[in-house]
């Protein structure tokens with residue numbers, strides 16, 4: 001179970017709704033993955049070229065999954081705050097995935113403006129989930145202004161590279177043990193999702209890895225299973241890696257000459 005802002009969700013997977021081949025494939029993918037939330041932006045066009053409107057909103061409602069609006073495409077504090085306020089009116093929710101991009105090539109979050117916007121929105125009653133880097137200090141500042149969960153990236157959006165800064169992500173997890181951390185962006189394979197879940201991260205948010213795959217419906221299922229498997233492995237307590245071999249079969253009753261040195 002995933003807990004965010006004192007609210008509990010049955011899944012640790014969050015799924016984006018952009019760039020699916022057709023609305024029907026989007027709907028089937030969501031139903032297959034059964035995510036905790038589905039993200040959507042006021043700025044994006046609907047699936048298959050459908051304009052963002054009542055039809056797309058009806059499709060989202062049919063899935064029965066809570067909607068997490070985002071501020072994708074925003075590059076200033078005022079733009080992000082205004083978009084979040086509009087999203088609250090349209091989708092009737094205080095949840096917001098806060099995105100503030102600082103570089104057009106890498107789509108890296110502008111953590112300075114992110115902190116400022118997060119503080120404004122939290123004071124306005126929003127439950128803010130900020131899309132951020134793995135920078136520990138920036139993440140602490142987001143917590144200082146009232147964020148109760150963070151969404152650090154694994155790699156730049158849409159790259160599918162997996163956790164390119166594994167050390168920094170593991171440090172972040174170690175130093176913020178009680179903060180829900182959801183890996184957002186950069187994952188391309190279910191194995192990569194399982195890996196970060198094995199490290200102890202609380203959830204994963206995906207879009208491109210599913211929507212642009214050869215078979216989004218089956219890929220959605222694959223990621224859902226990977227996230228669940230990774231979490232189970234973390235909770236089970238994996239064995240530590242060793243430099244030397246260690247037999248799993250007991251040596252009791254083994255003939256003495258088997259241990260002789262040659």
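Yeah, the Cβs are placed from backbone N, Cα and C, and that goes for glycine too.
Feature annotation from Swiss-Prot assigns active site, schiff-base intermediate with DXP to 97; the stated evidence is sequence analysis. Taking a C-beta cut-off of under 8 angstroms and a sequence separation of 6 or more, residue 97 (active site, schiff-base intermediate with DXP) has the following same-chain neighbours: 39, 68, 69, 70, 71, 129, 130, 131, 151, 184, 205.
Residue 208 (1-deoxy-D-xylulose 5-phosphate binding site) falls within a helix when secondary structure is assigned with DSSP. Annotation comment: Swiss-Prot describes 158, 185, 186, 207, 208 as 1-deoxy-D-xylulose 5-phosphate binding site, evidence class sequence analysis.
Taken from Swiss-Prot, the feature region 'Disordered' covers 243-262.
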Pairwise Cα distance maximum in Å, 1-deoxy-D-xylulose 5-phosphate-binding residues per record: 158, 185, 186, 207, 208: 10
If one looks at the chain holding residue 207 (1-deoxy-D-xylulose 5-phosphate binding site), which residues at least 6 apart in sequence have a CB under 8 angstroms from its CB? 15, 16, 17, 18, 19, 39
Chain-internal residues near residue 186 (1-deoxy-D-xylulose 5-phosphate binding site), provided their CB is under 8 angstroms and they sit 6+ positions away: 153, 154, 155, 156, 157, 159, 160, 161, 162, 163, 164
Could you tally the C-beta atoms, other than its own, that fall within 10 angstroms of the C-beta of residue 185 (1-deoxy-D-xylulose 5-phosphate binding site)? 26
Cβ within 8 angstroms of the Cβ centroid of 158, 185, 186, 207, 208: which residues besides those meet this for the 1-deoxy-D-xylulose 5-phosphate site? 16, 155, 156, 157, 159, 160, 187, 188, 206, 209
